[in-house]
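Undergrad: Swiss-Prot lists these features:
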REGION    14-36  region 'Disordered'
COMPBIAS  14-34  compositional bias 'Pro residues'
DOMAIN    36-71  domain 'EF-hand'
BINDING   Asp49, Asn51, Asp53, Lys55, Glu60  Ca(2+) binding site
REGION    181-190  region 'Required for interaction with APBA3'
REGION    197-220  region 'Disordered'
COMPBIAS  206-217  compositional bias 'Polar residues'
DOMAIN    296-385  domain 'ABM'
Amino acid sequence: MACAGLLTVCLLRPPAPQPQPQTPRHPQLAPDPGPAGHTLFQDVFRRADKNDDGKLSFEEFQNYFADGVLSLGELQELFSGIDGHLTDNLETEKLCDYFSEHLGVYRPVLAALESLNRAVLAAMDATKLEYERASKVDQFVTRFLLRETVSQLQALQSSLEGASDTLEAQAHGWRSDAESVEAQSRLCGSRRAGRRALRSVSRSSTWSPGSSDTGRSSEAEMQWRLQVNRLQELIDQLECKVRAVGPGPHKGGPSWYPPEPGPCWRPGPHSVPSQAPRLEPLREEDLAKGPDLHILMAQRQVQVAEEGLQDFHRALRCYVDFTGAQSHCLHVSAQKMLDGASFTLYEFWQDEASWRRHQQSPGSKAFQRILIDHLRAPDTLTTVFFPASWWIMNNN
């Protein structure tokens, strides 16, 4: 009877569902990162886009790409050609597409850079998690591998910088042969991406900027420095008098930076006590003797983002020390506004050629890279020429 009941239950049970044939699943592919260099360009042009609106105005385009070779008209023509709609807003994606179409032999280079960037970030994350728990031998191996990786990358960077500097020097040479020298005032900004630290300049003991710099001031250069420092003292006196007779300090007014002697203030080795120097009158014959008797003064005004002030201070001190040590730099000083985030940098050079060589030096390029990362607005660069006779003073 029990067996009959069990048989009845088995017959009444609904049939078990038949297994459905499995459809083969294709492995999910990683999202396409886009053409080689596209990710890199996006990061580069994002820093050039100060408004973070995904577009570059011509002013932002000029600030980032001006290299002293292409004229303003040529830059405008390039901007309009990429834009295609004759607007003043160029989408960064269009800019990425434009450069992606012109990569040529650098296509595999940029693709390798993007892969290298991902690999380095992954290795750094793993090192951060595993290094402290690793044995001493494993820690030693990690330090060795990291040090050798840095060495190999620095060797590649040196080769690339050498080629870049050579091409830029040639381009500036061709441009100077075709154009006359004239005073100019323009907005200027860094034109390259990268975050190379200024310490790479200070660690180089064999590099000397400019092929004609000897590193030792001649007697004539010492006289130049003496005259420039005297003029600087005269300017200081005049500014003090203006502040004394004018209204009291107000927000946004100037104050000398730094207020005490420090690495960022370079009065020069030939400063003399103030003796109320006077300027000699201009003589017409001095103007007819050519550009050799003209001094160039470069004024750079910057507005630093609050979160980048500390890094900017360090970079500014390094740059002022580096610039003041150049044999053709007559004087360099920095001024800080009372708002704490605005600065004016003054550089006096013996001639324009020396200043332009300095602009192409590793120290100057490193400082410009710091600027593009930490400024809240494009910096303003103004250059003015002074006849040499204006700087001749006497103490009688």
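Glycine is treated like the rest: Cβ placed from N, Cα and C.
Set these features in their place in the structure for me.
TA: Within 10 Å of the C-beta of Glu60 (Ca(2+) binding site) we count 21 further C-beta atoms, all protein chains included. Glu60 (Ca(2+) binding site) falls within a helical segment according to DSSP.
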Undergrad: Over the span of the domain 'ABM' (296-385), count residues by DSSP class, listing helix, strand and coil in order.
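TA: Taking the domain 'ABM' (296-385) as a whole: 40 helix, 33 strand, 17 coil.
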Undergrad: Go ahead and report the DSSP secondary structure tallies for the domain 'EF-hand' (36-71): helix first, then strand, then coil.
TA: 19 helix, 3 strand, 14 coil
Undergrad: Which residue among the binding-site residues Asp49, Asp53 has the fewest other Cβ atoms within 10 Å of its Cβ, if you could check?
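TA: Comparing Cβ neighbour counts within 10 Å for the binding-site residues Asp49, Asp53 gives Asp53.
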